[in-house]
Amino acid sequence: MRDEVAEKEKADINVTLVFQGYENTPIMVCVDGIVFSKPDLVTCLEQRKKPWSMKHPGLTQHNIVHTGDKPYKCKDCGKIFKWSSNLTIHQRIHSGEKPYKCEECGKAFKQSSKLNEHMRAHTGEKFYKCEECGKAFKHPSGLTLHKRIHTGENPYKFEECDKAFYWVLSFTKHMIIHRGEKPYKYQECGKAFKWSSNLTIHKRIHTGEKPCKCEECGKACKQSLGLTIQKRIHTEEKPYKCEECGSSNLTIYKKIHAGEKPYNCEKCGKAFYCSSNLIQNNIVHAEEKHYKCQECGKAFKKSLDLNVHKIIHSGEKPYRYEECGKITHSGEESYKCEECGKGFYCSSSLTKHMIVHTEEKLYKCEECGKAFKWSSELTIHQRIRTEEKPYKCEECVRVFKHSSKLNEHKRNHTGEKPYKCEACGKAF
């Protein structure tokens, strides 16, 4: 009898201890990896039963967290998920369904959370503020990335070159550069790209689409970057200024002052400050001619050469700028020099022109020490020593030291006469 009383008192003490532990817990309680509602748990303990012998609606869902089970499988690709909601979102990739639509602009999304994030673009709300510097962000991911600037954290490390990144997208892009993959291919011309964004922009060369339109002057651009640059012409904004020389072309001039040329050609070993210059150089080596004239079938390596060729068929006589070869139909010189007022059709020409007003000669020949204001002058100077003639005529295989001489020579084949006498109308 005494043993029974002692056993009961011991059980009462255990239950009391359990109640003391759970009296401040929320309505759902997790014990040894299993979830119980608090009222059911209390009832169970009062009856001296083991809690984990009970069942409750919702326990199965929570227990997946502990078991790692993925019971929801996609019929299209076989991918498995823990939650039915994740499977539903995933299936929209296959179906293309975007049920969440923005009432402001009509843009649609697969997930409601993405719509909520997008809405901040219209409202301008920035809920997420950095405690270090006070900068605010629309999305928590933006704040997380920004904080790494202060902490110096670079969690994404590439093992092949030990380079580390604070952003997973930068890491992914860097990995693709190492692997040399070009998964995005355009079926029309066969050209392949590393990034889907580059493929989208390239498609617009073929379609002529220019979706980014300036509200100020109506000028249309193929990509948003062009529109941003165009807007700065109207606002006269120059957000990026070089501390060394005051030039607004910050990235390029930083590399010029540092002597850094990170873009190397694998064919000829030439190095460049800008990736765009490397691309132009690669076209010289390439045999492919992706740009084809629909009128006569003639193909060209550069889109610019195709545009110039089209003028022969159209009879159009637009304004062509000699320095960069770009064509404008308005003749408007949008880029003005603040020093002398001279106008230019393109920003790169204005940047080059600004060196005229400085005495600085950044480009030095390593062989003889002679310095030049322009990289093109140094290149031409170096060809005197090497006798290199990289510009080859595709029609008759004549070679030239300078691209301008090749362009002049091409007119013998095309019959183009861009220089017209205003007095008699004769063209040359």
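Placement of Cβ uses the backbone N, Cα and C atoms for every residue, glycine included.
Swiss-Prot assigns the feature zinc finger to one of the listed ranges (100-122, 238-260), namely 100-122. Among the ranges 41-63, 363-385, the stretch that Swiss-Prot annotates as zinc finger is 363-385.
Within its own chain, the zinc finger (100-122) is flanked in space by residues 89, 92-93, 138-139, which lie at least six positions past its ends and keep a Cβ under 8 Å from the stretch. Taking the zinc finger (72-94) as a whole, pLDDT averages 86 in the prediction.
With respect to Cβ pairs under 8 Å, the zinc finger (363-385) is most closely packed against 391-413, considering the stretches 184-206, 212-234, 391-413.
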